[in-house]
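Feature annotations, reproduced from TrEMBL:
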| type | residues | note |
| --- | --- | --- |
| TRANSMEM | B:45-63 | transmembrane segment |
| TRANSMEM | B:84-103 | transmembrane segment |
| TRANSMEM | B:109-128 | transmembrane segment |
| TRANSMEM | B:135-160 | transmembrane segment |
| TRANSMEM | B:201-222 | transmembrane segment |
| TRANSMEM | B:253-272 | transmembrane segment |
| TRANSMEM | B:284-304 | transmembrane segment |
| TRANSMEM | B:311-330 | transmembrane segment |
| TRANSMEM | B:336-354 | transmembrane segment |
Amino acid sequence: MSRTYLPLWITFALVLLMFAAGASQFDGFASLRVVTNLISDNAFLLVTALGMTLVILSGGIDLSVGSVIALSGVAAALLIGPYQWHPLLAFALILPCAALFGAGMGALIQYYQLQPFIVTLAGMFLARGVATLWSEESIAIEHPFYDAVAEFGLELPDGGWLGATSLLTIALVLLMLVLTHYSRFGSYIYALGGNSQSAQLMGVPVARTTILLYATSSMLAAMAGIIFSFYTYSGYALAAVGVELDAIAAVVIGGTLLTGGSGFIIGTVLGVVLMGLIQTYINFDGSLSSWWSKIVIGGLLFFFIALQKLLSRSWQQKAGGKA
Amino acid sequence: MTNEATVLNSHHSDQLEADQLKADQLKTARQARYSPGQSAHKFSLYLYPLLALALLLLVNVLMDPQFFSLQWQDGRLYGPLIDIVNRSAPVALLAIGMSLVIATGGIDLSVGAVMAICGAVCANLLLLGDWSIPAVIGLAVLTGVGCGLLNGVMVSYLGIQPIVATLVLMVAGRGVAQLLNQGQIVTFQNPDFAALGSGSFLGLPVPVWLVLLALLIMQLLLRRTALGLFIEAVGCNAKASRYLGIDDRGIKLAVYILAGGCAALAGIIATADIQGSDANNAGLWLELDAILAVVIGGAALTGGRFSLPRAVIGVLIIQALSTTIVVSGLPAKFNLLIKALVILLVLMLQSELFRNQLKALLSFGKARGGKA
C-alpha cells in the first residue's frame, strides 16, 4: 500500500525541499503572502488540472482545455461588455455550454471509437477558432460585480490574502476530491482507466461515464477561464495557449499514471504547487532566466516518470509476473 | 517461408502434394499481404485523400481562375500551386518522421521544439562565422538525431508512454532553444545558407527538393528493405514481433531517431527561410499539424500501418485548406474554425459506424434501419 502513495510522498518532499530552498535564500519567501499568491496565481491551472486528472485517470487525454479557457473568457467578456449581461447570468450560460462541448467530444470518442487525442485536438482548434471568430482583440471587463469579487476575501496574518477565486478553487478541489475518491462516478472512472472492457463486464455504464467525464473536464476548464478572467479583467482568444500541456505535466508530476487507473487528486494539487513554486523561486531570484523554468519542469517530468516506471517495475517483479 | 516449405517437402515426400498446396497458399497470402502497389485496396486508400485535395484545388480554381497559372521568372517557377508546395515543406518533413513514429503506435510531440533547437544551433554556429555550411547542417542534423535518441531511449528502453516521454522534450526543448539564443531572436547574414530556405533549383524551391529527396530515400529505405514491414509489425503487436525475432526496441529507437533527423531538416529550412532563429515561435504547434496530416493520410494512431506519400498528401491538404481560406477572401480569423470542421469531417469519414450511418441516411427511402 505504501508503494501506491510513494510518488505522492516524493512530490510532497520535493515541494517542501523547494520551499525550504526558497526560504533559506530569500527574505520573505517563507510567508503566508507567498503561499496565498501561489494559490491565486495558479488557480486557473489547478482547476484545469483537476479535470485533466479525471480524464487521465480514465485512460484518456483532453487537449482542448486551454482553448476552452480562452473561449469561456472571451464569451464572458462579450456577454458582460457589449451585451450588458450580469456576470453571474453569463457564467450560468457558459458553464452548461462548455459541459455540452465536452459531452460532444466524449460522445465522439465513445460512440465512433475515435482516439481521445485526435478528437480533443480537433476540439482545441474548434474552441480556439470560435474564440478568434468572436473577437481577435483582448476585451476588457468592467463591471461592479468584478470589483466586488476582487475586494472579497479572507484577510490572513503575515500579509496573506485568500481572494474569492482562491476560495472557489479550494472549494472545487474539495468537491473533486470527494467526487473522485468517495463517489460511484469516481470509482467508475478508475475502473475505466484500469480496463474499459472489464469495466463494461462489471456493469460500469461506460458510455455515460466517458461522456460525463469529458463534460466535467470542459466545464472545469470553463470555470478556469472564468477564474482567469477575474485574474486578468479581460477575455482574450489567444490566452492560455499551451495550458493543456502544463495541466498534463502537473498531473504526471503528481504521480498519476497516463495509462489510467492510478492516481490521486491531491497529487495533482501537489504537482501544480510544485510547478508554481519553481516559478516563484525564479521570480524571487530575478537573475535566472525564464527558460530555466521550462528546462527544470521538463527535467522534473522526466524524473517522475522514470521513478514511476522503476516503482511499477519492481512492484511487478515482487508480484511475480507480468500482467 | 516458401523455402522452408520446400526443404520440408524433401523430408516428407509422402506429404509432398499437401505441403506444396500449403506453400502455394502461403505464397499467395504473403503476396496479398505485402505487395506494394499491387493490391486493389491500395487504390481506394489513396482515393479519399486525393479526392479531398482535388476538391480543395477545384474550389480555389472556381474562386480564382488564375490559380493553376505558373510563371517562369528569374529561373524559377512562381504561382499559387508552387506556394502551397513550398509552404508545406517543413510540415511535410515532420510528417514523414511522424508517420513512422505513429506506425509503431507512438507519437512525437517534441518535433516542434526540436525544430527550434536545431534552428538555434544553426543560427549560433553561423554567427560564429568560422563554420562551413555542410558542417553547420551536419551538426544541426546531429542535434536532431540526438533529441530523437533521447526520445527513443525513453520510449523503448525505459518503457515510458510516448506522449509523456516526448512531452518532456517538448517542454524542456523550447527552454533549451531559448537558452542557446539567450532569449533573443538570433539573425544572421549568410546568402548560401539562406538559399536552403528561399533558393531554387531547376525551377523549384529548394525546400521542395529536400522533401522529395527525403521522401525518396525514406521510401526506398522502408519499402525496398524489410524495415517498413518491421515497423508495421511492431505497431501491430510489439510483443508478438519480439517473439518473431524482430528487435522491437531497436525499431522504436530507430523511428524516433529518424523523426528527430526529419525535424532537424525542417528546422534548418525554417531557419534559412527567415535567416534567423526565433526560439519562441519556430515550429510552434507544427507537431500537431504533422500528426493531423498523418491521420488525414489514413494512418491509425494505434499504429500498424503507414504511408509516407499519403502523409505528404495530408500535409498538402492542410496547406491547401489555409490557402483556400486566404484566396476566398474570408478573414484569417476563420482559419482555425474551418480547419477544425474539416478535420472533424475527415475523422468522422474514417469511422466505419459513421460511414454506415451516412449510407443509411442517404438510402433512407429504400432501406429503413440499415444500420450495421
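Glycine residues also receive a Cβ, built from the backbone N, Cα and C atoms like all the rest.
With a cut-off of 8 Å between Cβ atoms, the residues of this chain six or more beyond the transmembrane segment (B:336-354) that come close are 48, 52, 292, 295-296, 298, 318, 321-322, 325, 330, 372. Relative to the transmembrane segment (B:45-63), the listed stretch B:284-304 leads the set B:84-103, B:109-128, B:284-304 in CB pairs under 8 A.
For the transmembrane segment (B:109-128), the residues of the chain that approach it from at least six positions outside its boundaries are 90, 94, 97-98, 135-137, 139-141, 143-144, 147-148, 151, 163, 166-174, 176-177, 180-181, 186-188, 190, 193, 259-260, 262-264, 266-268, 270-272, 276-279, 282-287, 290, judged by C-beta separation under 8 angstroms.
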